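A quick write-up on the structure given underneath.
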Amino acid sequence: MNRKPRILVVGSFVMDLITSTRVFPGPGETVLGETFTTAPGGKGANQAVQAARLGADVTMVGKVGRDAFGQALTASMQGAGVHTEHVALDEHAPSSIGNITLERFPDGSSRNRIIVVPGANMTITPEDVAFLEKEIASFDMVMLQFEIPMDIDVRVAKLAQKAGVPVMVNPAPAAPIPEALMACATYLSPNEHEAAAITGIPIRVEGGVNLQDVQAVADALRSRGARNLLVTLGENGAAIAGEGGVTHVPSVPDVAVADPTAAGDSFVAAFCTGVCAGLDPRQAIDFARNTAAITVSRMGAQPSLPTLDEVIAAMQAHAEPGFDFAKLDCLR
């Protein structure tokens, strides 16, 4: 590709309210926290910012409230270079918030619990995406998630499929997937838990990732119309499965996890950006795993998302042999 890839993200905005503590409280228990901060997030917004920081030309479609959080969320988009002319303001619903609690361990690692209040994200209407009937064919990839009304995801996916534009469906938070949406998915990108919930097939990782399980999940999804499975496996890396079989790429070694909040969003956005730039699926996963490894080493959702130069620098040490760095030139 001799131009920047154009990516459309239709999805959510969430202002993350982040508290850290040494131990999660039990039911009815109060514990002292250590830190509190706010950071712009939301699965759709995170993916848009990550793709933009990697060099893609990104347009975001979504909705925020007419409030201080809405202003901050939109400003974060604009600061990353994301086009926000199709981010609407809701006069009645507040901007969405995510209540994130981080439990920190002595070794520096952490785990999180998240409660999201959807707010304006759930007020997106067909009128808000009507412009795509004429414009969707100009994009190289459409990215969707499940923090907005499902009928909007289906509507946009159908428009993209009709126009021949690849569709990435990130089925998170987990929810039943309409057959109409599944049939439009060029890529379906669950984590291992979501994949098991969708198909009833667990992916075993004891002693190494069971590639037969990955293929079984992919076959189940392909029988419903999805063309490719891209599954993240936590510390066990990621795999893609489709007509060409299964490809597994291990995780980046020795990553100190500070905050895993936006890891999945970072990974999916980097994969889509890499594919649009011309990387083959294995190299796109390599690009994505290195991007996500940087993300989890930092605090916050969008503040943690790395730039293209940061990812390329990290890949000098961790890229698989033969990685085609020249394909990334279109992102500069």
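Residue 1 is the first one shown; counting continues down the chain.
Just so you know, glycine gets a Cβ as well, placed from its N, Cα and C.
Pulled from TrEMBL:
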type     : residues                                                               : note
DOMAIN   : 6-307                                                                  : domain 'Carbohydrate kinase PfkB'
BINDING  : Val14, Met15, Asp16, Gly42, Lys43, Gly44, Ala45, Asn46, Glu147, Asp265 : substrate binding site
BINDING  : Asn191, Thr232, Leu233, Gly234, Glu235, Asn236, Gly237, Gly264, Asp265 : ATP binding site
BINDING  : Asp259, Thr261, Thr295, Arg298, Gly300, Ser304                         : K(+) binding site
ACT_SITE : Asp265                                                                 : active site, proton acceptor
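Within 10 Å of Gly300 (K(+) binding site), judged by CA to CA distance, lie the following binding-site residues from the set Asp16, Ala45, Glu235: Asp16. Apart from Asp259, Thr261, Thr295, Arg298, Gly300, Ser304, the residues listed for K(+), the same chain places the Cβ atoms of Ala39, Ala258, Pro260, Ala262, Ala263, Val296, Ser297, Met299, Ala301, Pro303, Leu305 within 8 Å of the centroid of those Cβ atoms. Residue with the densest Cβ environment among the binding-site residues Lys43, Arg298: Lys43, by other Cβ atoms within 10 Å. Between the C-alpha atoms of Val14 (substrate binding site) and Thr261 (K(+) binding site), the distance comes to 12 Å.
Each of the binding-site residues Gly237, Gly300 was ranked by the number of other C-beta atoms within 10 Å, and first place falls to Gly300. Distance between Cα atoms for Thr295 (K(+) binding site) and Ala45 (substrate binding site): 15 Å, as a whole number. Counting Cβ atoms from all protein chains shown, Val14 (substrate binding site) has 31 others lying within 10 Å of its own Cβ. When the binding-site residues Ala45, Leu233 are compared by the number of other CB atoms within 10 angstroms of each CB, Leu233 has the fewest. Comparing local CB density within 10 A for the binding-site residues Asn191, Thr261, Thr295, the maximum falls on Thr295. Within the set Asn191, Thr232, Leu233, Gly234, Glu235, Asn236, Gly237, Gly264, Asp265 that the record links to ATP, no two Cα atoms are more than 17 Å apart, and one pair reaches that distance. Using a 10 Å radius centred on the Cβ of Asp259 (K(+) binding site) and all shown protein chains, the other Cβ atoms total 25. In sequence order, Lys43, Ala45 are the binding-site residues from Lys43, Ala45, Asp259, Arg298, Ser304 with a C-alpha within 10 Å of the C-alpha of Asp265 (ATP binding site). Nearest in space to Arg298 (K(+) binding site), taking C-alpha to C-alpha distance over the binding-site residues Glu147, Glu235, Gly237, is Glu235.
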